[in-house]
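The Zn(2+) 1 binding site annotation in Swiss-Prot covers C60, C62, C75, C78. Swiss-Prot lists D535, D537, D539 with the feature Mg(2+) binding site. The Zn(2+) 2 binding site annotation in Swiss-Prot covers C877, C954, C961, C964, and the record cites sequence analysis as its basis.
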Amino acid sequence: MLDVNFFDELRIGLATADDIRQWSHGEVKKPETINYRTLKPEKDGLFCEKIFGPTRDWECYCGKYKRVRFKGIICERCGVEVTRAKVRRERMGHIELAAPVTHIWYFKGVPSRLGYLLDLAPKDLEKVIYFAAYMITKVDAEARHRDLPTLEARMGVEKQQLEDKKNADVETRQKRLETDLAQLEAEGAKGDARRKVRESAEREMRQIRDRAQRKIDDLDRVFDRFKNMKVQDLEPDELLYRELRDRFGQYFDGGMGAEALQRRLADFDLAAEAESLRETIRSGKGQKKARALKRLKVVSAFLNTRNSPMGMVLDCVPVIPPDLRPMVQLDGGRFATSDLNDLYRRVINRNNRLKRLLDLGAPEIIVNNEKRMLQEAVDALFDNGRRGRPVTGPGNRPLKSLSDMLKGKQGRFRQNLLGKRVDYSGRSVIVVGPQLKLHQCGLPKQMALELFKPFVMKRLVDLNHAQNIKSAKRMVERARPVVWDVLEEVITEHPVLLNRAPTLHRLGIQAFEPQLVEGKAIQIHPLVCTAFNADFDGDQMAVHLPLSAEAQAEARILMLSSNNILSPASGRPLAMPSLDMVTGVFHLSTLAEGAVGEGRAFSSVAEAQMAFDAREIALQARISVRLRDTTPPSDWVPPADWVTGDVFTLETTFGRCLLNEALPEGYPFINAQLNKKAQAAIVNDLAERYPKIQVAATLDALKSAGFYWATRSGVTVAIEDVVAPPNKAEILDDYEQRADRVQKQFDRGFLSDEERRSELVQIWTEATNKIAEAMEKNFPQTNPVYVLVNSGAAGNMMQIRQLAGMRGLVSNPKGEIIPRPIKANFREGLTVLEYFISTHGARKGLADTALRTADSGYLTRRLVDVSQDVIVREEDCGTERGILTRIARRGADGVLVRDRYAETSAYARTLASDAVDEHGEIIVPAGTDAGDVAIGQIIEAGIESVRVRSALTCESRMGVCAQCYGRSLATGKLVDVGEAVGIVAAQSIGEPGTQLTMRTFHSGGVAGDDITQGLPRVVELFEARSPKGKAPITEVSGRVKIEETEKTFKVVVVPDDGSEEIAYPVSRRSRLRVREGDRIEVGNQIVDGAVDPHEVLRILGPRQVQLHLVDQVQEVYRSQGVSIHDKHIEIIIRQMLKRVNVLESGETNLLPGELCERARFESENRRVVESGGQPASARPVLMGITKASLATESWLSAASFQETTRVLTDAAINARSDSLVGLKENVIIGKLIPAGTGISRYRNIRVEPTEEARAAMYSVGAYEDGGSVEYGAFGTGSGQAVPLDEFDYRSSGDFR
């Protein structure tokens, strides 16, 4: 087998018949498969051992040679080579066809490549291929021109002869008529009889004349056709063609079927055709030029590559290895077989029949019919159903052809190459493990034993509990007591990976240290639930075991859950206390007035602890405590003589003292009630200021405290806790009367239906809000339901309003608000009508969720595909450019406050230029990471906006550079070279997409909470579609005039430079953004609505369209409260604007109208300019993500995405080469991906052992006799982990 590490590129091309024969190990001559009695393959059949190799290892067909010692011998009796049976997965055969056939991909694909090459319409091509018309393949124009006078004279003679014969025949008949009439007259016949004889004779003479005329016309037609005959003319009339062939056969060649095309392609002059097409493009216009461009693409593809157009017509068909189209026996003695075998059998049967007919010398019509059937059989084999009705198997199911094996989710690419099944894995239901540390998970004993079986077996042998591996295996299977001790030892510090499907972002797979637990459920830490989006209502998770030392090191360093506290999308912590933990911490930090022990003072926290244990003080009582070695709260006002580090007394509660013990040393004392937001802010602050280990420890301490005190807080929910406001009935009566008044006005005709609806909606919205207010005031502070909402642990006021206030207005399935409210709440219970109305919205919510989850998954897939080759490839691209971002706004009082969007725009980026204040002083120099501190300093200096590096301005040829990307949000440090930032970006955008789609579900369909604008709008932006009812933008600067007509407004812009006025018709319904006489700039919007991004690109250029798209996408996510950093969206948009459309090709190799990557365009121009030639010109193109993915340079990546057959057809004709720079292509061929530690600069590192490691090696028992030690192989064979800490990566020069 080919080793994937020995090549750097993969080229695809057109296989010629010789190539196919070269791959083949023999010709398949018979349609037989397996002998059903002996169950052995038939000789020369589709499973023949002589061709494809033995079915059993080291055994020939007849049994003469058995065992491995005969390896490589070819049996002289049966002709089978003695080798491994797995060669049946790689050896191919072939079928020699009795007549050539065309490859359906090249003739039937859209556009038809054969059609473009030969300039034939697909309809005409089909007629020729399927024997409905003849095609002229060759005309000897010289000979025809030379002999034309002779032939014309000969024709004249022949016509004259026909003319003479006609005249003679007519004359003879005339004479006979006269004789007959004379005879009748002599006999005295009546006039009637004489008339009949005359009429009959005249009829016969007319027929003679007509017959002769027809022959003459035919001759004229034949001769005309011959005179004007050119190559590629079609002739559907068989008789005419035969006449031509019989008369002028020496002057031309013609034929039907693939044979005719093959002859035509053999004579086809590519260079001359390309030249004439270029001439057409230079001089032509419109449709003609467009077609010439398309044809030139195909012609030049054949010219510039080693492909021969003859490859599109096949003389033999490859037969794929038999193990890839297996045939297995079922229980009942019947066979199940791959569809391909049926398709191959049809081809072989028809081919053999055609051979026999040709040998017999059968009539042409029968042979042609058989050839047509052979062509159809090969079509069905390559792409069943592409032309005509598909070939069906039993039960009318279309058979799966070779194309179907590649296409779609179940095809070879997506099913087997990009998604493989993994051994050393298991799955089980998850339960919570509140006792675990953040980096641990609970693994059921049985599962752990099965996963670590080989390790346990080896250790049993090492410790002499078992003599050999076999007995160790037996011990493990019988679960002997010693096995469990060994298992404990083996799993220590051996991380496992946990994964929950759907894996929407990289935190869906994390590493944990396993702890053995009883039972059969996996236990996971409560704080990682957010990242996995897991709950414990029956979710399952999969466990995978990293085996090699490198895999374990990566799992521990990069994937351990305690190293993944931050979200890669926003850079904020994901491991936040939630639910019970929030309740517990809230309870702990609450101060209750008048509690036991209020006002007492204590000399230390320990003394307060004793008082609490003795029940002298309550947890929430207000007490004073002297604190030493503690940082005071940030808002504490120190006494005049106090210095840092002194003891101080603080009025607080014992609960808060306990809470602060969970926080790291040196963290300011927290003396406030902490709801979920406040707790999140603390975790955020910790993540910014402390190392990850400390943050993880603190989170664990908070988790333990939260659970412990949540239990003791006694927060429970009973039906009595849902307290309705006492004055609800009065409020409702009041609003009921107002609603009645509106209804009466409507009945009298004072209001239109529209007005009535909006009035009622307004009235009832007000009523709902009023009841909600009354309800909130009525809730006691200690009410458990109120505590749950107030602490942020669960629910929100809107849900409480529905429980205790009133349900309010709901919407119908169209999304309109129903003007009758639901006055009841869930505590009272709904009436039947109210219940029915409210099911509308709820059902729509569920249906929406189901539909949009699929849409969101598809969006993620497209995003991943377009951005998968964006990897950080270098430290710095050296660009001077950047984008200007606003970090602060002036408040009403003129003070600068941090912009609320700075979090997702300027934060975590590298400054592109110095931040300079008004005195010219540099506050923060260029190249600094803009963290919270730097942004704070810049704002203090009065600077509103800064220029930051961005992926949009990065000048790296491939991927992006670390400086332009800035800080990796997941680690809080500058991004490493090799980070797959494209995939992170796609996941960061796609993951909340699914969240959005699922969020409608929780509001229970209450009006105004449904986000139909969300996902479809994001898709519309990323696919660069023109929005429906798009708002026009101005193309010039000038003054506005507005003209009204009956149906529309006409906004006219009078340009400043006095050129022609431009009118924009807009609907009367739209809201205008301009008034009469306004001054308007280029690119301003005239009405409210969505703008067409292609217009923005055309009028304002690439930079503006980039910013516009980022802004619009962010608008959708922000409206849902989702925080995604701009840099992720920028990476996708960088990919959408990566290509240019060539306008003039100059002296380059580019074609006008061709789409090509900007990097290729620039390097081609550079090459031409250096040699003094004329460069090409182009304009930037905005491509949607689907189109951009399919237009990628890598054909493997594009083929595995969508439209597999079209991509492969195109790639084969252009002999495209895949340089394997992206992730997908490397996964497909089984190489390490060029990201992370797979990037070449990390693969080329040699790890040398440290002195300590060498010493440790010597002390191992095996080496104590002083045997020689091979340093080079250190840490590889032994499976020992290699410490990489001491190795300085930067000092090694050969990185690239």
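The backbone N, Cα and C atoms fix where each Cβ goes, and this holds for glycine too.
Overlay of Swiss-Prot annotations on the structure.
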| residue | record | contacts (Cβ under 8 Å, 6+ apart) |
| --- | --- | --- |
| C60 | Zn(2+) 1 binding site | E49, P54, K66, C75, R77, C78, V80, E81, V82 |
| C62 | Zn(2+) 1 binding site | C75, R77, C78, V80 |
| D535 | Mg(2+) binding site | C529 |
| D537 | Mg(2+) binding site | none |
| D539 | Mg(2+) binding site | V429, I430, R500 |
| C954 | Zn(2+) 2 binding site | C877, T879, V960, C961, C964, Y965, R1134 |
If you count CB neighbours within 10 Å, which one among the binding-site residues C78, C877 has the smallest count? C78
Look up C964 (Zn(2+) 2 binding site) in the DSSP assignment and reduce it to helix, strand or coil. helix
Across all protein chains shown, the binding-site residues C75, C961, C964 give the max Cβ-within-10 Å count at C964
From the centroid of the CB atoms of D535, D537, D539, the recorded Mg(2+) site, which same-chain residues not already listed sit within 8 A by their CB, in sequence order? I430, A534, F536, G538
Would you identify the secondary structure of D539 (Mg(2+) binding site) according to DSSP, in three states? coil
Show, in sequence order, which residues other than C877, C954, C961, C964 on the same chain lie with their Cβ within 8 Å of the centre of the Cβ atoms of the Zn(2+) 2 site. E874, D876, T879, R949, A951, T953, E955, S956, V960, A962, Q963, Y965
Around the Zn(2+) 1 site (C60, C62, C75, C78), what further same-chain residues have their C-beta within 8 angstroms of the site's C-beta centre? Y61, G63, K64, Y65, E76, R77, G79, V80
